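Notes for the one structure printed next.
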Amino acid sequence: MLKILKNKNFKYLFIGLLTSHIGNSLFILSLFWYVQSKTGEPKYLVWLGLMTTIPIVFGFFGGVLSDKYDRRNIMMFADGFRLVLVIILTLLITFSEFDFSYIAIIYLLINLGNFIFIPACNAIIPDIVEEDNLFAANGLVQSTGQISTILGALVGGILLTLVDTNILFLVNALTFLVSLVCLSLIKKQKEDTSKDPLSVKSGVFNHYKDFVEGLKYMFSYNVLKGLLPGIFVINLFFVPFFTLGPAWSVEILNKGSFGYAAMEVFIALGVLTGSLATKYIDKHLLLNKSIVLSLLLMLNIIYFPLTSNLYINILSLFMFNMGLGIWNTLLFSLLQIHVSEKFRGRVFGSLFSIVGFAFPLGAAMFGVLLDFIDLRQIFILSSSFLFISVVYIGLFLNYSNKKVKSNQNAIEV
């Protein structure tokens, strides 16, 4: 898999992503812990999670931009935008009193930059990597976020006890600068002269028609259309695992920042293992068996809320996220192979928007539920629906596979 790094363009992309993701991991870990320590209220973590995910619904706009304009320039713009915002937030928490409102607003804008960046990043990979290397490239790209989360959680768990939060924020700003330099070194192998360089034009904000076309193209794939409900619900009910880790560690496990960092490490380690293993799993197993393996691993999430033992918790998280890593890598690679280059950015942007809408909806839902049920009940509810969603995906794929075989037999007759 590491042979793909001989491709200089992909190497620069990988280094830039890995560096900025490490900084971002430190930033998120320190920000959520900072808010937990200042407020002591789990609901603020949920609202902070809402700020993380609201911009996902605008992912289609990033997808439209990546189809219309130079993808590298879009990514560089997003990095520069986030760099400035992180510096502003650092100055505010250093020189002013704690106020959740300005933290939430700036964090919202930072994540808006993320979801301009993501569709362009996914869409540019086939522009700089040959089709035969897409599984390897996607496995490494998927792994960057997880490697960085592991390193960020390990280092951040230590640094949180040694340095102020603003120092960790500045590290994040520096990594965005490194990413900008790496992106500037990328030279596309497959030039598309129909794309404009990124510039401010009146037409940029009038691409609703392009979004609708991409949506129609995506829904022309019946299997993807059938999978979306299950994927949506998984994202909806994973929100507590994404936002309430600090509260679970403090209130249920009594492990403080150590328990929070450990859970973050094993979430990332699971996705990393799954992402990197996909190429080898795909080589030795049929696609259907690879998918079944990923779903079986994901079912282990049901054990998470049934105990207050940190080690069982992290094992459950590891197994679920390993399955998720395999699933995501297979899905992204198949989409990149089969979706037309003309619609690729819009399909990824639309997919992130539809699925991503689950996160703000989930944050709002669990923010309300915290006033009526306790933290353990929140996680029991979440784990149960995650389990049901994985079972649904498995049953749907089995039904689709049987339907395809039935149609093939009818044609042969």
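Positions of Cβ are set from backbone N, Cα and C atoms, glycine also.
A TrEMBL annotation is a machine prediction, not a hand-curated record.
Taken from TrEMBL, the feature domain 'Major facilitator superfamily (MFS) profile' covers 1-401.
Annotation comment: TrEMBL describes 12-33 (among others) as transmembrane segment. Under 8 Å from some Cβ of the transmembrane segment (12-33) lie the Cβ atoms of residues 5, 45, 48, 79, 86, 103, 107, 121, 124-125, 128, 140-141, 144-145, 147-149, 151-153, 155-157, 159-160, 165, 168-169, 171-176, 178-183, 185-186, 243, 245-246, 257, 260-261, 264, 268, all in the same chain and six or more residues away from its ends.
If you look up TrEMBL, you'll see 45-65 (among others) marked as transmembrane segment.
What TrEMBL records for 77-96 (among others) is transmembrane segment.
Annotation source TrEMBL lists transmembrane segment at 102-125 (among others).
Here TrEMBL flags 137-161 (among others) as transmembrane segment. Counting residues 6+ beyond its ends, the transmembrane segment (137-161) has Cβ neighbours under 8 Å at 1-2, 4-5, 10, 13-14, 17-18, 21-26, 28-30, 33, 121-122, 125, 129, 167-168, 257-258, 260-262, 264-265, 267-272, 275-276, 278-279, 325, 328-329, 332-333, 336 in the same chain.
Same-chain neighbours of the transmembrane segment (167-186): 8-9, 12-13, 15-17, 19-24, 26-27, 29-31, 72, 75-76, 79-80, 82-83, 86-87, 89-90, 93, 128, 156, 159-160, counting only residues six or more beyond its ends whose CB sits under 8 Å from a CB of the stretch. Among the features that TrEMBL reports, transmembrane segment is placed at 167-186 (among others).
Look at TrEMBL and you will find 226-248 (among others) tagged as transmembrane segment. Cβ atoms under 8 Å from those of the transmembrane segment (226-248) belong to residues 32-33, 36, 42, 45-46, 48-49, 52-53, 257, 259-260, 263-264, 267, 304, 317, 354-359, 361-363, 365-366, 375, 378-379, 381-383, 385-386, 388-390, 392-393, 396-397, 400 of the same chain, restricted to positions at least 6 beyond its ends.
Annotation source TrEMBL lists transmembrane segment at 260-278 (among others). Here the transmembrane segment (260-278) has Cβ contacts under 8 Å with residues 1, 25, 29, 33, 135, 138-140, 142-143, 145-150, 152-154, 156-157, 241, 245-246, 248-250, 290, 294, 297, 310, 313-315, 317-330, 333 of the same chain, all six or more residues outside its ends.
Under the heading transmembrane segment, TrEMBL lists 285-304 (among others). Tertiary proximity for the transmembrane segment (285-304) is limited to same-chain residues at least six positions away from its ends with a CB under 8 Å from its CB atoms, namely 241, 274, 278, 312-313, 315-317, 319-320, 322-324, 326-327, 330, 379, 383-384, 386-387, 390-391, 393-394, 397, 401.
According to TrEMBL, the transmembrane segment annotation covers 310-335 (among others).
Taken from TrEMBL, the feature transmembrane segment applies to 347-372 (among others).
Annotation comment: TrEMBL describes 378-399 (among others) as transmembrane segment.
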Intrachain residues whose Cβ lies under 8 Å of the transmembrane segment (310-335), provided they are six or more past its termini: 122, 134-135, 138-139, 142, 146, 224, 241, 253, 255, 259, 262-263, 265-278, 281-282, 287, 290-291, 293-304, 344, 347-348, 351, 386
Distant-in-sequence neighbours of the transmembrane segment (378-399), which means Cβ under 8 A and at least six residues beyond its ends: 223, 226-227, 229-231, 233-234, 236-241, 244, 248, 288, 291-292, 295, 298-299, 301-306, 320, 366, 369-370
